Amino acid sequence: MQLFILGVLLVFAKLNLQFLDTGVFFYATNTIGYILIYFGLRQLHRSLPSLKRIQPFVIFMVFHSIGFAILNGTGNSIATIPLSTGLATVLVLGLALLAVVGMLIIFYILHKLIMTLRNEENYLSTYSRMRNFDKVLGLFIFLVVLTGVLFFVLPAVSNVSMLLLLVGELLFIFSFSTKVRTV
């Protein structure tokens, strides 16, 4: 479980408050984080076989992060591709959509893990209210969508929303890691 939690920490913890971060460092930490999540899930899979269904999403996110790191490293980020042609505009919109989907997949991975752990009493400490974690994930998804809307409507306010999201994610990791027994 420690590898999984460390991976989630690397995916969540960001130094930049931009909604669509275009830095190589952002995607490098995501890549390392998703690799750690993958190996953490493999460890947990021995005793919780149903977690195998989450692994393809994690593998997708490893390649997603590598792809965006390469794009950003070569100077072809969402923010730098010129919108001079219709094809370039479609490409940028597609990449932006892929980036947002990537932000949401981590919440799906966490949701599936929480559902599995909730059904396995052996992995819970005395704290038995795992449904609260699921509600928090729903709140995070709402904040991601809100931040995305604010990013295009009121960019300055989106930074505040992003800060709230990051603080919430870090509090979630701390709370989650203290409530679930490590394997």
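Note that the numbers count up from 1, one per residue, in the order the chain is shown.
Just so you know, glycine gets a Cβ as well, placed from its N, Cα and C.
Curation does not apply to TrEMBL; its annotations are automatic.
The transmembrane segment annotation in TrEMBL covers 23-41 (among others).
Per TrEMBL, transmembrane segment is recorded for 53-71 (among others).
The transmembrane segment annotation in TrEMBL covers 83-110 (among others).
For 136-154 (among others), the entry in TrEMBL reads transmembrane segment. Panel annotation: around the transmembrane segment (136-154), residues 19-20, 100, 103-104, 107, 110-111, 114, 161-162, 164-165, 168-169, 172 of the same chain, lying at least six beyond its termini, place a Cβ under 8 Å from a Cβ of the stretch.
Packing against the transmembrane segment (160-178) from elsewhere in the chain are residues 1, 5, 8-9, 12-14, 17-19, 133, 136-137, 139-140, 143-144, 146-147, 150: each is 6 or more residues past its ends and has a CB under 8 Å from a CB in it. As annotated by TrEMBL, transmembrane segment applies to 160-178 (among others).
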Cβ-Cβ under 8 Å with the transmembrane segment (53-71): same-chain residues at least 6 beyond its ends: 24, 27-28, 30-31, 34-35, 37-38, 41-42, 45, 77, 95, 98-99, 102, 105-106, 108-109, 112-113
Surrounding residues of the transmembrane segment (23-41) on its own chain - C-beta under 8 Å, 6+ positions past either end: 1-11, 13-16, 51, 54-55, 58-59, 61-62, 65-66, 68-69, 72-73, 102, 109, 113
